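Taken from Swiss-Prot, the feature ATP binding site covers K46, G53, R54, G55, E109, A112, E117. Sequence annotations record features per position, and here Swiss-Prot assigns Mg(2+) binding site to N209, D223 based on sequence analysis. The substrate binding site annotation in Swiss-Prot covers N274, G331, I332, M333 and is backed by sequence analysis. Among the features that Swiss-Prot reports, domain 'ATP-grasp' is placed at 9-254.
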Amino acid sequence: MNIHEYQAKAVLREFGVSVSKGVPILKASDAEAAAKQLGGPVWVVKSQIHAGGRGKGKFKEASAGDKGGVRLAKSIDEVKQFVDQMLGKTLVTVQTGPAGKQVNRLYLEEGADIDKEFYLSALVDRETSRIAFVVSTEGGMDIEKVAHDTPEKIVTFSVDPATGIMPHHGRKVAQALKLKGDQAKQAEKLVNQLYTAFIAKDMSMLEINPLILSKQGELRCLDAKISFDSNAIYRHPDVMELRDETEEDAKEIEASKYDLAYIALDGTIGCMVNGAGLAMATLDIIKLYGESPANFLDVGGGASEEKVTAAFKIITADPNVKGILVNIFGGIMKCDVIAAGVVAAVKAVGLKVPLVVRLEGTNVEEGKKIIRESGLNVLPADDLDDAAQKIVKAVKGK
C-alpha cells in the first residue's frame, strides 16, 4: 500500500526524523491560510499523487500552465495562483502513463536552503531476505538512471536481522555521502530512525530523494515515499486510515475485497488464471501471438464459485477488454467450480466479447460438461498454446 508524501513525512516525524514543515491543501480556498501558517518567504507547491517524476511532469490542461507538478512560489499570491492552476488537474509523469493522474491534493511546504542533495532508501532485499539500504551522492535524480550510467556512485548494504541496525551502518552511510563531524553523526542517527520506522510499520520500501544537507549544516528529508507490506496492514489500523482509494484502480480495490490478486494492464485480452506462475506464462503467450493482456488475475488455489464470479465481473468491467481467456490447471482448484463460476458470471453480466476456456486437472470433465451444457458461446481449448491462438484470432476477428 502506498501513501502520499505528506503522509509519509508525518509517519517519519513520529520517529524523530527531520522533515520540512508543510500543510496539505485539499481545496483552493485553504491556500492563503496555509502559506501564512508556514511564513515564507519561499514556498514549494507539490502535487500529491502516487507516482514519481512529479517535478518533471506536465499537466494535460492548458489552464494549469506549462510548469511541472512541483513549483516554487515566492509570494502568497503566487502560492494561490499555483494552487488554483494545479488542483483538480491531470498530471502526466513517466510513471503515470499517458492517461496521467488527477491531482486532488497538494502539499505546501516551506522552502529550503540546499547545499547538497543525496539519495537514501531502505527496502526489502529478496535475495538476502534482509532490509537493505541504498545510498548515493546523486540525490534528486532518477536512481535507476544513476544505477545505469554511474553505478559506482551507489553504495548498498543489508542489515542482519539478528543484530538489527548497528553504529557501523550509520558510519557507512556517512562515509558514502562524504559527511564528517556533526553531519556524520546526524547521518548515523537518521539511519537508526529510518530502520526503526521501517520495522515498526512493516514497510516494504522507504525512499528519501532527495535527502538534503542545508546551508545551515542540517540533514533533512526533502521528499519521502513509503510503501507498506499489504500482508501486514491488518496490524496497523493507523496506516490503513492513510489509504487513498482515489489513487488506486477501482477494479483492483474490488478485487482486494475477494482476496483476488489483480493488476490492471493496458492490453485488450482479459485473463483469469489460477496460480501466479501460470498467470505469468499466460500473459507471455498472449504477447507471443501478437496481442496484449488487459490484466493479471490469479484466483488462487481455493477459489469458490462466488470468487470466480467476482473475478469475471471485474474483468468485464474493463472497457478495453475485447476478449477473455480463462486458463485453469486444476489441483486444489477444481475445474467444475471454475466452470460453474464462469457460467454464473456470464449469465449475470452477459457476454459481449469472445471467451476462450482452457481447463485441465481435477474434475476437468465435469467442468467441460458444465460449460458445454450451459448453452453459452464459449470456445474450448485443449492446451495453453491452443487457447492463446484462439483468443488472439477471435479478438482480431479472424
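Quick reminder: no glycine exception, Cβ is built from N, Cα and C everywhere.
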Cα-nearest neighbour of E109 (ATP binding site) within the listed binding-site residues, N209, D223, N274, I332, M333: D223
G55 (ATP binding site) to D223 (Mg(2+) binding site) - Cα separation in whole Å: 12
Spatial neighbour of E117 (ATP binding site) that is closest, considering only the binding-site residues N209, D223, N274 and their CA atoms: N209
Cα-to-Cα gap, M333 (substrate binding site) vs K46 (ATP binding site), nearest whole Å: 47
Using Cα positions only, nearest of the binding-site residues to N209 (Mg(2+) binding site) (K46, G53, A112, G331): G53
Cα-proximity to G53 (ATP binding site), 10 Å cut-off, over binding-site residues D223, N274, I332: none
K46 (ATP binding site) as reference: those binding-site residues from N274, G331, I332 with C-alpha within 10 Å of it: none
Site extent for ATP (largest Cα pair distance over K46, G53, R54, G55, E109, A112, E117, Å): 20
